[in-house]
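What Swiss-Prot records for this protein:
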- 23-64: compositional bias 'Low complexity' (COMPBIAS)
- 65-76: compositional bias 'Basic and acidic residues' (COMPBIAS)
- 23-76: region 'Disordered' (REGION)
- 355-384: region 'Disordered' (REGION)
- 131-151: transmembrane segment (TRANSMEM)
- 193-213: transmembrane segment (TRANSMEM)
- 218-238: transmembrane segment (TRANSMEM)
- 258-278: transmembrane segment (TRANSMEM)
- 293-313: transmembrane segment (TRANSMEM)
- 319-339: transmembrane segment (TRANSMEM)
Amino acid sequence: MTAATLVTLALSLSLAQHDAAPAPAPAAVEQHGAAPEAAASADPHAAPAGEHGAAVEAHAAAAGEHGEAAGHEGGHDESLGAVMLHHVTDGYVIEHPGFCNGAFAWNCEWDLRATFGDALKFGKLDLTPTKHVIMMWLASALLLVVVLAAVRKKSLVPRGLYNFIELLVAFVRNEIAVKNIGEKDADRFTPYLVTAFFFILFLNLFGLLPFSATATANLSVTVAMALFTFFITQYAAIRAMGMGGYVAHLTGGVPKSLAPLWLIMVPVEFLGLFTKPFALTVRLFANMLAGHFVILALLGLIFALGTPWVAFGSVPMALSIFLLELFVAFVQAYIFTMLSSLFIGAGLVHHGDDHGHAEEHGHAGPGMGSEHGSHVAGASPGHG
């Protein structure tokens, strides 16, 4: 029961009591000897009752308007919060401009569930794509188009957009992969790093376009991408060190003579394996989500305060944050790619470290300490 209904009932009861109070009025008329008037006393009192009924309706209408106004004002902040959440959360409806209901509108809706129906439902497993999945499909398609067009270019000297794309590819290879992984192994992991860089970049840029969505503000998307880096990192480490060396690395380099410390080092090293993908996940997700919330909050000041004059301050501020988000789109793609290359390179570097530890601690016989020490010292630059 709404507040407007309660107010209407209260007014009706009070007015009903007020109607019952002036009952002696006909007797007063009869005492004055106005018989003809007494005969017609029902009609004059019917008119006040009608007036009271009109008053009740007026009060009810006023109460209803008051309730609606209060509900509108109370739900204004909720509607602003709902708009903000709707902008960043995933769903099955994509808004777009177009012709719907026989006329052009800016808020036409594409219901993905209605489009795909039950074609992608397998029991309790629902594979119907959401709007973030659609954005990832578009980013993948754009990535294929750009790469294939750049590969098939006829001119040896790239121009325009292809020059910019080639510049970014060379930057990822030379400044990220080579410096963090090494010249020897960089080319093996450059394709993944380039793909991750452009995929994240396109998703970030799509989120700045009207009627689109920011898939990188979805925790599930960033978790999946961080897991790709995690599995590639573990694969690189196992391939470089072997399974035995990989497991031995979990001891943190503590020698067998201090084996009791393994009870501390092994859990710490094991947890350290998962802190890296966690950092990748939260960093990308939080940065992209926060930027959109700030823009929407600044624009929402116009509606929250109820005056258009706020637009002179909030719109320029929102535009400034938008330009900053354009820069952040490139920065977050770079940071994710750089951290991924650092983690991969760390797994490869551990191979040289463990090899040095094995030579120092595992195979030196009695009387060979000084000779072996000089051998390791002389070989260490080669390992670097």
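Cβ from N, Cα, C; glycine included.
Comparison of 193-213, 218-238, 258-278, 293-313 by number of C-beta pairs under 8 angstroms to the transmembrane segment (319-339) places 193-213 first. Below 8 angstroms of C-beta separation, residues 223, 226-227, 229-230, 233-234, 249-252, 339, 343 of the same chain, each at least six residues beyond the ends of the transmembrane segment (258-278), sit close to that stretch.
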